[in-house]
Structure formats: C-alpha cells, structure tokens
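*Asks:* Pasting a structure below so you can have a look.
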Amino acid sequence: HCNLTGWWKNDLGSKMQVFGVDSEGNFYGEYHTAVSSAKQPIQPSPLVGSQHLDEDGQCTFGFTVNWKKFSDSTAVFVGQCFNGDNGEEVLQTSWLLREKVDSPPNDWKATR
C-alpha cells in the first residue's frame with residue numbers, strides 16, 4: 001500500500017514530513033509551507049491525518065494543518081496516492097483554507 005511516511009514536496013515548493021502511519025492509518029507530521037499571506041514569518045506547522053490502508057496502494061487520505069505558530073488559519077487537505085509512471089508514489093490533493101474573520105457577515109470570504 002501507499003507509504004505516506006517521509007518527506008513530500010509540491011509544485012509550489014512546500015514540503016511536509018509524515019513521521020509515521022500507525023496500524024489504523026492515523027498519522028502526524030509537520031507542514032512547511034512555501035506560500036502564505038500571513039504577516040508573520042512562516043514556520044513549520046503541525047499536521048494530523050488519516051489514510052485508508054488499501055491493498056492496491058492507491059489509498060485516499062486526509063489531513064489538517066494548524067498554522068498556529070504564525071497565523072490564525074486552518075487548512076484541510078484530501079487526496080489520493082498514485083503509483084507514478086517511474087515507480088514513484090505521487091499524491092494528488094485538494095485543499096480548503098479557513099481564515100479567521102470578525103463576524104458572521106464576513107463568513108463569505110473566510111474560506112478559500
């Protein structure tokens with residue numbers, strides 16, 4: 001099956017490290033983003049997630065990143081692991097980012 005443990009890098013230069021996946025598919029790690037609109041300097045941020053342990057290796061997974069060290073935002077990622085043409089595992093993901101807003105009327109602009 002897909003082994004999420006280790007370092008991953010995306011097209012924008014962000015990196016994440018998954019420290020390990022337990023027998024239930026739960027994992028944790030750190031996300032090192034290369035892009036941010038926060039005013040504070042970027043710092044590694046904790047992530048926690050879960051994956052399916054499928055026999056065919058093309059598992060789905062999801063994780064949450066809490067940007068608590070430099071922002072009041074939270075992001076969630078969902079994706080699937082694929083076996084690439086050259087034998088490398090490739091993660092295809094989508095994400096949602098929730099920024100903190102001051103009141104319910106501003107809720108419309110809080111999620112990207």
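A Cβ is built for glycine as well, from the same backbone N, Cα and C atoms used for every other residue.
Look at TrEMBL and you will find Cys2-Cys81 tagged as disulfide bond.
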*Asks:* Cys81 (disulfide bond) has how many other Cβ neighbours within 10 Å of its own Cβ?
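*Replies:* For Cys81 (disulfide bond), the 10 Å Cβ neighbour count is 22.
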*Asks:* CB neighbours of Cys2 (disulfide bond) within 10 A?
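*Replies:* There are 22 of them.
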